[in-house]
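Asker: Could you have a look at this structure, given as C-alpha cells, before my questions?
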Amino acid sequence: YDCINQNPDVAESVLRNHMWTIEDSAVIICIQDDPHVKVMMAGSTLRKVKSRSWKKQRHFRLLEDGMTIWYKSRWAGRGHSTCEYFSITEVEAVREGHQSEVLLSIAEEFPADLCFTLVFHGRQGNLDLVAESTEEAQAWIQGVRKLIHKTQTMDEKERLDQWVWDWFNKADKNKDGKMNFKEVRKLLKMMNVEMNEEHALHLFTMADKSESGSLEIEQFVHFYKMLTQRDEVWKVFQDFSGDGEKLMLEELENFLRTEQQEGEQSAQHAQELTDRYEPSESAKKQGAMTFDGFQMYLCSQEGSIFKPEHRQLHQDMSQPLSHYFISSSHNTYLLENQLRGHSSLEAYIKALKRGCRCVEVDCWDGSDGEPVVYHGHTLTSKILFKDVISTLKEYAFKVSDFPVILSLENHCSVEQQTVMAQHLSQILGDTLLTTLVDGLIPQQLPSPQELKGKILLKAKKIGGLEVCLDETLTDEVSDEEEMANGECSDDPPKSKLSRELSDLVVYCKSVHFHGFEHARLHGKCYEMSSFSESKAKKLAKEAGTDFVQYNTKQMSRIYPSGLRTDSSNYNPQEMWNVGCQIVALNFQTAGLEMDLNDGLFRQNGCCGYVLKPDFMRDGSTQFSPEKPDGKQGYKPLRLSIQVMSGQQLPKVNQKEGSIVDPLVRVEIYGVPQDQAREETSHINNNGFNPVWNETLNFVIHTPELALVRFVVEDYDKASRNDFMGQFTLPFTCLQAGYRHIHLLSRDGTAIPPSSLFVNISISELT
Ligand SMILES: *[C@@H]1O[C@H](CO)[C@@H](O)[C@H](O)[C@H]1NC(C)=O
Ligand SMILES: *[C@@H]1O[C@H](CO)[C@@H](O)[C@H](O)[C@H]1NC(C)=O
C-alpha cells in the first residue's frame, strides 16, 4: 500500500522547477543576531508561578529552530526530570509586570520589572514567570514579542519553509545537519505517514543528488516537495495549462472563471494572484504562474473556502441593535465548571478576545462592603466586582469597537448595589452609556455604529425611560432569571433596587416576559427578557413567527439550563433560527456549540455582531423556521461538496507508530429541514495525504441561516471515533470551486498546515 503520488513525471517536474530555497527565509535566520533572542537561546533560569505558594525555578531555553521554547526543572537530575515545551505560534501575547491574578497575588514579593506573563491562544492557561534581573526579563519580553511578530507576518512561502525546517530539526537527532534514510523513515512516522519502504527509498535517492547517503537541508526540501506532491492539484493544473509547465494569464483567468466561479473579476484577479503568489521572478515577468505558484495560491487564505471579503467588516452597522446576532457568553467569570470551578478575570479577557460582546457578571454581597462575583451557592472561587469592571474597561475594545453589553445578575443588598453603581461610574467613566444617544425616547434601539466604544448595562430599572417619576419597586424586582435558572429559589423573591444602579440602565432594561401578545401591545424596544434554553425552544417550536417578529424590535437573551453544571452548551442554532440576539454560551467549554458560535461570528471582521437576514428584520415578517418554503423569495439551493483530499492531518494519539484512519463528515446546521450530515468512508492508515474523492450532496432551504461544519475524525471500529479537526462557516461565506479548508483544533485554534481540499459547487434547485 502506498499513499503518495508515484507519478515520476510530477516528481521530475518538481525537481526541474525548484525555486524554493530555504536559506533566505526561515525565521531563525532573520532573528538569530537579535540580542534578546540570543539571551533566550543561551537560556535563563526563570521562576514559574502558579499561585502564592507554588513558585518553582525552571530552566528556559529557545531551541535552534527559533520557535520552540523548552523548559525543565534545573536540578531534576536523576529520576523523572520532566521537560516541557511549547511553540511560539501558541503564544498570543506577552504581558509585562503584574498583569495577571497570580502575579498580582505575589506583587509584594517580586517587583513588577521582573514579572511577565505569556498568554496562549485558545483555552490554555497563562504561564506566569519571574526573572532574576530586569535585563533578563526584558530580553524574554522583547524577544518573545519579536518572535510572535515574525511568525504572524510570515507569508505562505516562509510558513512552508519554517514548517519544513521544523521537521528537519526534529528528525535530525544527532544534529549533524544531515539526515540518513533511517532518520527519514522515522520522520515519516512523525509526520503521520505510512509509506511503502521501496517508494520512500526511491524518493530519497532522487533527492540525494550528491549520492552521499544522506540529505542536507536543501535536498530535504526536494524530498519534502516530492513527498507532498499533490496529484489532484497537478491534474487540475494540467487541465488548464497549455504547455503543462505554467498557466499563462488568460489560462489562469479561464480557471478562475469556470472553476472558481469568479465571474467578471477573473482577469484582474489573475494578475493579482500571479503577483502575489508566484515565487519565480522569471515566470512573473512572463506573466505566468508555475505549479508552485498555483499551489501557493490554492493554499493561501484567498484560495480558502471562506470568502475573503466576508472576513472583513462588510455589513451595514447602522441598524437597530435588535437586528443583529450578538456573540454572547454565559457565566463569563468561570474558567471551568459551575460547581467548584475557578472564577477568574482571565475568563473575561479570553471571552472578549474571542469577540464576545455580551458578558455576564453574577454579583453577591461581599465582606467589607465590596460586592463579589462568583457562582452563588457553590464552591466556585470569588473575585471582586470592581476588578471585573477594571478588566472590562481595559479589554472591552481590543478586538472590536462595537458596544459591549454587561449583563448583571444582581443578588446584592441595596447598599452593595450602590457600591456597584459607584464602581461602574468611576471605573468606566464615559465608556459607560448612561444617557439616551440623542436625548429622545427611542422607537427603536440605537445601532452598533452609534454605540461604538460604549458599555451598556443590562439590569433591572425603576420605571421606564418615559417617566422620571418614582415608582413602587415591587414588580420590578422579582427576577425571572434567577427563578428560571433554578439556582436561587431560597433567595428572598423581592429585594430593593438601588436608585443609583437603576439610573445607569438605559437601553437594556430587564423585564419579565408576559407573552408575545403582551409584548406587541406594551413592549418597549429597550426592554429585554431572558429565556432559559427550554423555554426558548418551546416558544420557537410553538410560535416561531411570533418569536421572529418580537425579535425584530426587542432583544432576547437565552441562557443554558441550570442543570448544566458541567458548563456544557445547548445548540445555539435553534435560537438564531427565531432571531434571538443574545444566545449566551459557556465560552469556557469547547465543542460543537462553540464551533457554531465561532463559525457564525467569523464573518464581518469578527466584530461580534452579525446582521440578521432581511426576513428577520421586518416587524411584519411571516417567516417561520418550521416552514421555510412559505417565505417570500424562497429559493432552495443545492450544495455539492466533492471531498478530494486531506493534507498533514493532526495526530490524535501522540504515541509513536500510531497512524490515523481519517474520514470527513459535513454537517449542516440551520432551520430544522436543513439539518443534515453526510460522511465519506474512512481511509486506512493515512493522515498525511489521504484521498477520498467522494461527493456529498445537500439541499439548503434557508441558506441565509445555514452553517456548514467540516469535521475530520479518526475512524474507530470498536468505539467512538476520535475528533481530529474541524472548520465551521456560514453557508453565505462559502466560495465555490477548488478550495482548501484550514482546520482548527477542538479549542478553535489554527493547526497549520492541516487542511482539506474540496471542490464545491452551489446551484439552484431545479
Ligand atoms: C475522482 O472522481 C472523479 C469522478 O468520479 C473521477 O473522474 C476522477 O478520476 C477521480 N480522481 C481520483 C484521483 O480518483
Ligand atoms: C469540480 O466540480 C465541478 C463542478 O461540479 C466539475 O465540473 C469538476 O469536474 C469537478 N472536478 C473534479 C476533479 O472532479
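From the backbone N, Cα and C atoms, a Cβ is placed for every residue, glycine too.
Unlike curated entries, TrEMBL annotations are predicted automatically.
Under the heading active site, TrEMBL lists His330, His375. Residues or ranges marked as Ca(2+) 3 binding site by TrEMBL: Asn331, Glu360, Asp362, Glu409. If you look up TrEMBL, you'll see Asp714, Tyr715, Asp716 marked as Ca(2+) 5 binding site. The compositional bias 'Basic and acidic residues' annotation in TrEMBL covers 272-284. Per TrEMBL, domain 'PH' is recorded for 38-149. Summarising the annotation, TrEMBL assigns domain 'EF-hand' to 159-194, 195-230. Summarising the annotation, TrEMBL assigns domain 'PI-PLC Y-box' to 501-617. Marked as domain 'C2' by TrEMBL: 617-745. Taken from TrEMBL, the feature O-linked glycosylation site covers Ser210. Here TrEMBL flags 259-284 as region 'Disordered'.
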Asker: If you measure from the Cα of Glu360 (Ca(2+) 3 binding site), which of the recorded positions Ser210, His330, His375, Tyr715, Asp716 is the nearest?
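Answerer: When the Cα distances are compared, His330 comes out closest.
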Asker: For the domain 'EF-hand' (159-194), what does DSSP give as the number of helix, strand and coil residues?
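Answerer: Split by secondary structure, the domain 'EF-hand' (159-194) comes out as 23 helix, 3 strand, 10 coil.
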Asker: Which listed stretch (38-149, 159-194, 195-230) has the most C-beta pairs under 8 A with the domain 'C2' (617-745)?
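Answerer: Counting Cβ pairs under 8 Å, the winner is 159-194.
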Asker: Calculate the distance in Å between the alpha carbons (Cα) of Asp714 (Ca(2+) 5 binding site) and His330 (active site), and round it to a whole number.
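Answerer: About 32 Å separates the two Cα atoms.
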Asker: Hey, which of the recorded positions Ser210, Asn331 is the loneliest by Cβ count within 10 Å?
Answerer: Ser210
Asker: Between the Cα atoms of Asn331 (Ca(2+) 3 binding site) and Asp716 (Ca(2+) 5 binding site), what distance do you get, rounded to the nearest Å?
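Answerer: A Cα-Cα distance of 36 Å.
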Asker: Report the residues of the chain - excluding Asp714, Tyr715, Asp716 - with C-beta within 8 Å of the mean position of the site's C-beta atoms, for the recorded Ca(2+) 5 site, in sequence order.
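Answerer: Neighbours within 8 Å of the Cβ centroid, excluding Asp714, Tyr715, Asp716: Val660, Asp661, Pro662, Leu663, His682, Glu713, Lys717, Asn721, Asp722.
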Asker: When a 10 Å sphere is centred on the Cβ of His330 (active site), how many other Cβ atoms does it contain?
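Answerer: Other Cβ atoms found within 10 Å: 26.
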Asker: Compile a sequence-ordered list of residues in the same chain as Tyr715 (Ca(2+) 5 binding site), six or more apart from it, whose Cβ lies below 8 A from its Cβ; state 'none' when nothing qualifies.
Answerer: Asp661, Pro662, Leu663, His682, Asn721
Asker: Where the distance is taken from Cα to Cα, which of the recorded positions Ser210, His330, His375, Asp716 turns out closest to Asp362 (Ca(2+) 3 binding site)?
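Answerer: Looking at Cα distances from Asp362 (Ca(2+) 3 binding site), the smallest one goes to His375.
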Asker: How many other Cβ atoms are found within 10 Å of the Cβ atom of Asp716 (Ca(2+) 5 binding site), counting all protein chains shown?
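Answerer: Other Cβ atoms within 10 Å of Asp716 (Ca(2+) 5 binding site): 13.
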Asker: Going by DSSP assignments with H, G and I as helix and E and B as strand, what are the residue counts for the domain 'EF-hand' (195-230)?
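Answerer: Reading the DSSP string over the domain 'EF-hand' (195-230) gives 22 helix, 3 strand, 11 coil.
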Asker: State the mean pLDDT for the domain 'PH' (38-149).
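Answerer: Here the mean pLDDT over the domain 'PH' (38-149) amounts to 89.
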Asker: Of the recorded positions Ser210, His330, His375, Glu409, which sits closest to Asp716 (Ca(2+) 5 binding site) by Cα distance?
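Answerer: For Asp716 (Ca(2+) 5 binding site), the closest Cα among Ser210, His330, His375, Glu409 is found at His330.
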